[in-house]
Each structure stands twice: as structure tokens, then as C-alpha cells.
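Peer 1: Starting off with a structure, shown below.
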Amino acid sequence: MSRKFDLKTITDLSVLVGTGISLYYLVSRLLNDVESGPLSGKSRESKAKQSLQWEKLVKRSPALAEVTLDAYERTILSSIVTPDEINITFQDIGGLDPLISDLHESVIYPLMMPEVYSNSPLLQAPSGVLLYGPPGCGKTMLAKALAKESGANFISIRMSSIMDKWYGESNKIVDAMFSLANKLQPCIIFIDEIDSFLRERSSTDHEVTATLKAEFMTLWDGLLNNGRVMIIGATNRINDIDDAFLRRLPKRFLVSLPGSDQRYKILSVLLKDTKLDEDEFDLQLIADNTKGFSGSDLKELCREAALDAAKEYIKQKRQLIDSGTIDVNDTSSLKIRPLKTKDFTKKLRMDATSTLSSQPLD
């Protein structure tokens, strides 16, 4: 009888101790999360990356050494790209020369020469710029090139970096984004697929989303009119953007599908470092007959054409290796051939002598 009692007591004690330990770790985890708020879960690696990015910014602008950042502003550092880190220029974007000229006047000059735009209210820089048009036409590349050419820091907004599980913290992160942009000016705040973030408001919106949009508009209106901080949005669904936000994007540029001349320029840029067959390559033929292709489509077409030549090289080299003609490490006996028109027309399922637009693609 006493033996049974002892076993029961031991079992109860074991369960009690196990429960106590579990509760201890659970409460400790919850307390740490509450204390950390939106910064919870930030690893040492993330914090080290933030510190490294800040050092780059200070090295580029020594005056920032006197600037202090709060915890929320530091979380935005990982989203910042300096002009030195951007490898895209207007020379890398083909077929958009008239648009680039307009963007110089609307974006680059206000960022580089704010004194010109502060002399008169009529010359104030636009509060925002919207790039809209079909996908794959270079809107994001244009935004990066604008930051590169103007020497502005580039903050790319991602919803994952704004939204937080703690109530009210998302608003603080948005506030930190604007305050950090003011400290790092000249600065471009870029919102890709802006329609997904600033879409038309309705009574069915969640409270958190509604307050976040209201906070964003308030901070947007609070930007100084010296043009040193500018918001650029990109979308292929302009009709989904709320009218209140469209009003704050007075400069709107359509980035449409390229015409024949534009496609020629885009292809020239894409193939400038690629060997082309002098006798069997007709760039104008390809440009004239790729109607409806976006810049992204043309890039993929060029990639597929180059891949065909690479596959031929691999096949020939394997045959020579198998026959014992060359060694596997031999790189001088065989070269990748230049690209030909047929490499492109093959991908469009056409005969090289036919016009591409007159034939079915299936």
C-alpha cells in the first residue's frame, strides 16, 4: 500500500516539475517578445548587417556621423541601397530616351539642384512620381537608374518590412522610414506594385490597414518641399490606386510596350557584350517582328538564344572529350560560336527567312 502511495507521489511530483519548467520557458519567451516588440527575433547577423550599412552611409556622407538613429530607423537600414551599390544607369535602358529626358526634369534636377525649385511655389518639386504600364517594361530599372544618376539613397518598401504583429508598430515603422529618408536626403522612397499597398480604400478595410494608409498620407504631406526626398511608385494597375494617393503622385509617366525602334535599341543594349555573326545576324529583322514583346520578354529571348549556342558548345566538347581528341580542361580548342538570327527565330518557332509576325507561334 505504501509502495503504491510512493509511486503516485513521485508521478505527481514529476508532472508538477515538468509543468513548472514548461511554464517558465513559455513566460520567459513571451516577456522577451513584449520587451523587444517589432525588433524581436532580430539576429546578431541582422544587426551586424545594419551596422555595416550605416558605416557605408557615413563613409559616403561624413556628416551622418553626428546623426543618431532609433531602433525603428535601424530596422529600415537593410532596405537602403546607396548609389554606389546600384549598377543600373540610363545607358542600360534602351528605347526610353524621351521618357528619360522628362524624368531628368521631374526627378533628377529637383534632387540635385533644390535651390532652383525653392525660389517659387510654382517651381516646387512634385511630391511623388508614378511609373505605370504593362509589366516587364523597365519601371523598376528606371527608378534605380534615377537614384544612381541623381546620387540619391534608395529605399525600397516591402510590405513584409512594414507589417508587424504588434498593434501600432507598423505605423511606427512607417514613421521611421520617412524620418530616416529625411536624415539621408537626397533620398528616393520606391514603392513597387504600389497598387497592392495603396489601393482604393473602402469601409471593409481592416482597422490596421486603414490607420496605416492614413499615417502614410500624413507623413507624405509632411515632406519638405525642397525636393530632396521623393516618392516614386510603379504599377501596372493604375486604376486600383486610391484617388487620394494619386493626387499625391502628380507626375505620371506611361512606360508602354516598346515599338520597333525601341525594341531595336533594347536589343542593342542587351547584346552589346555578346558575339554576333557578321553575316548571319539581322538585328532589325528581330526588332521588326517581335511586336508585343516587353523589355523583359526581349531579355528572355536573348537569354534563350545564347543558351542554344552554349548547348551546342557543350555537346561538341563532350564529343571531343569522349573521342579523346581534347582534355576536359582544354578551353582553347573550341569556342562558343557567335549568335545568329536563327537562334532567335527558333525560339519563336519560325523559319529564319520568314517574318516572325506572319507565322503562328503554336
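Quick reminder: no glycine exception, Cβ is built from N, Cα and C everywhere.
So Swiss-Prot lists the following for this protein:
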type	residues	note
BINDING	GLY133, PRO134, PRO135, GLY136, CYS137, GLY138, LYS139, THR140	ATP binding site
TOPO_DOM	1-12	topological domain 'Mitochondrial intermembrane'
TOPO_DOM	29-362	topological domain 'Cytoplasmic'
TRANSMEM	13-28	transmembrane segment
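Are these features on the surface or tucked inside, and what are their neighbours?
Peer 2: If you draw a 10 Å sphere around the CB of GLY138 (ATP binding site), it holds 25 other CB atoms from the protein chains shown.
Within its own chain, the transmembrane segment (13-28) is flanked in space by no residue lying at least six positions past its ends with a Cβ under 8 Å from the stretch.
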Peer 1: If you count the C-beta atoms lying within 10 Å of each candidate's C-beta, which of the binding-site residues GLY133, PRO135, GLY136 ends up with the smallest number?
Peer 2: PRO135
Peer 1: What same-chain residues, at least 6 away in sequence, bring their CB to under 8 Å of the CB of LYS139 (ATP binding site)?
Peer 2: LEU131, TYR132, GLY133, ASP192, ALA234, VAL255
Peer 1: Which is it, of PRO134, CYS137, THR140: the one of these binding-site residues whose Cβ has the most other Cβ atoms within 10 Å?
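Peer 2: Its Cβ has the most other Cβ atoms within 10 Å: CYS137.
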